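Note sheet for the following structure.
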Amino acid sequence: MGRNIKIIKKNLAFLNDFSPGILACLIISVLAYGLEILEKQLFGQAWLESLVLAILLGSITGSCFTLPKYFQKGITFCAKTLLEIAIVLLGASISVNAVLSAGWNLLASIIFVIFVTLILSFTIGRLFGLSSHLAMLVACGNAICGNSAIVAVAPVIKAKHEEVASSIAFTALLGVLIILFLPFLHPFLNLSFSQYGVLSGMVVYAVPQVLAATASVSFVSVQIATVVKLVRVLMLGPLIFALSILYHRSAQTRLRLHTLVPWFIIGFIFMMLIRSSNLIPEKTLIPIRFIAQLFTVISMAALGLGVDIRSLKKAGWRVILASTCSILILGVCSLIMIQLNDLNPIMF
């Protein structure tokens, strides 16, 4: 009896702490779905998908209003946990054969683009007057996986807290801008759905954000972009190892590389293996995709709520210019590699 009471109290505490933020994200998500339906009725099609609308509505709300602190836990839960679950569920729609069919050509291209972006971004950062540590943080953030890479690299290169805060300040806003504008560029880039997936996987900051950048284009783009982005994230380990040697860090730092693989990547791979073993019935794939998309829309609302345009002041114009140039370099290099190597993988 006493154990049951403790469980009830724990659940009530969870609801009390998380429900305000979750409810805010749900309201924004419902509005986003409603606006998408309204678009279809007025124009015959949705020019802005619910994913994008959720980000926009969330960003407007987050920038115009300062939400009370008790909203934060629920918003963080939606932005992080729900989105990670969506990524895991997405693994059920991709088979191992599909990944292997991408070939070594794609893998080599990803590594090459990351390498070139790191060097050029670091150089440009230094030319803009950034410290070597800050320039490296900006370069790693854009080349690998945004804030996650910045946080992982910072202790290895002994970056100052101010440098970490400055490099992170503009990342959230720039990441949202990429998600919003990349789908609009697709018709003008003359890329197939597969090639657009490669481009998105190369330039979008985080694995979860890949869904928002590609869902409005095609599900093929979603699949390929996710795989490409996962490969980029997995490059964080070798990068940390190289930087630890370059900056003469101790062996203890290098031994922590196993912590650099997030649980949802392991979950994604696990689901992909289950799908490849034919253990997931085909009729369940549609509901799984629906749940993944629903969680993603809610998470995009939370992501938008975390964006504050006023953070531009914290970043400083040098960091803003360096980050913008870095992402442009990444995009141009990716497009060049797509065309030169005829990167057009097929997922099934």
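Note that Cβ sites are derived from N, Cα and C of the backbone, with glycine treated the same way.
Keep in mind the model is a prediction, meaning the values are calculated, not measured.
Summarising the annotation, Swiss-Prot assigns transmembrane segment to 13-35, 45-67, 74-96, 106-128, 135-157, 167-189, 196-218, 223-245, 257-275, 285-307, 319-341.
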Candidates 45-67, 74-96, 135-157, 167-189, 196-218; stretch with most C-beta pairs under 8 Å toward the transmembrane segment (106-128): 135-157
For the transmembrane segment (196-218), sequence-distant contacts whose Cβ falls under 8 Å of one of its Cβ atoms, 6 or more beyond its ends: 49, 51-52, 55, 83-84, 86-87, 90, 106, 110, 113, 141-142, 145-148, 171, 174-175, 178-179, 182-183, 186, 189, 224-233, 262, 264-265, 292-293, 296, 299-300, 303, 327, 330-331, 334-335, 338, 343, 345
Stretch contact, the transmembrane segment (223-245) with the transmembrane segment (13-35), Cβ-Cβ under 8 Å, 3+ pairs: no
Proximity verdict for the transmembrane segment (13-35) and the transmembrane segment (135-157), three or more C-beta pairs under 8 Å: no
